[in-house]
């Protein structure tokens, strides 16, 4: 079966009211052009970021290969002064390096104490945070975090989903974003919130034969573009150039639905986690049966879940 590739729609000059009343309820990805993002799109050069961002220590991912894999952890965590990170990430080859002269760098900013604090560029990088204007296309009390992201050219981030809605603001550089519909999760060979399929452009079909059935939505983000990624939509990111971006995460569900210990915004909602725990206990109970009976009752359970929990309101 040939994979289905679909373009992510692009709209220019969308107002807050248009987004919230007509676009947001559709729960589909959308590229927004022409939004007021402040002076960051003109200011954030390598020199400016290095000078103004200063020598604050940041924890980064360092990979010897372009395709980062969170499941096998084919990268290491290291610490660099922010200005050094910016300079190295902008290079193709390095005189100073941790693994190899062509290693790749990736920053996903953290709170001051990642165990307790969420990332907010205005708090962790106040000298730069004032340059960016957030598109407040949500209620202020829904705001969760603003994550600073810096990537080396060629770096590919694994396919994963987040449990909160977010805007990916591409401040400088260019990214290719590939998204997959949450309803196609069964084709993505998941391990937790991540897909095992690293090479989405040329997957191993002997190992992942169902992957081409997943609908694939694609867009190219350039400086000044903002991508709306609804919660639960899988996304894979390739930095085609050295790039700087900021993610704005906000709560789509009431606050009490989320895990209060989650500072990254990637823990499943409390009710979902509880349901999975109950399922694990049910599977353990089923294992007490002989194979023939276990298979029979497992199929009955699947049919019941499909009947009671699957929605007919989503494509």
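Here, residue 1 is simply the first one shown, and the rest follow in order.
Quick reminder: no glycine exception, Cβ is built from N, Cα and C everywhere.
What Swiss-Prot records for this protein:
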type: DOMAIN; residues: 102-267; note: domain 'JmjC'
type: BINDING; residues: 106, 166, 175; note: 2-oxoglutarate binding site
type: BINDING; residues: 160, 162, 235; note: Fe cation binding site
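For the domain 'JmjC' (102-267), the mean pLDDT of the prediction comes to 95. Take the mean position of the Cβ atoms of 160, 162, 235, the recorded Fe cation site; other residues of that chain with a Cβ within 8 Å of it are 159, 161, 193, 229, 233, 234. Most Cβ neighbours within 10 Å among the binding-site residues 160, 175: this distinction goes to 175. Counting only same-chain residues at least 6 apart in sequence, those with a Cβ under 8 Å from the Cβ of residue 106 (2-oxoglutarate binding site) are 60, 61, 62, 63, 68, 75, 149, 150, 151, 152, 155, 157.
DSSP assigns residue 162 (Fe cation binding site) to coil in the three-state reduction, placing it in neither a helix nor a strand. Our reading of the 2-oxoglutarate binding annotation (106, 166, 175) yields a largest Cα to Cα distance of 19 angstrom. The shortest Cα-Cα distance between residue 175 (2-oxoglutarate binding site) and any of the binding-site residues 160, 162, 235 is the one to 235. Listed in sequence order, 193, 229, 231, 232, 249, 265, 266 are the same-chain residues six or more apart from residue 162 (Fe cation binding site) with CB atoms under 8 A from its CB. Sequence-distant contacts of residue 235 (Fe cation binding site), defined by Cβ-Cβ distance under 8 angstroms and a gap of at least six in the same chain, are 159, 160, 161, 177, 178, 179, 180, 229.
Look at residue 175 (2-oxoglutarate binding site): DSSP puts it in a strand.
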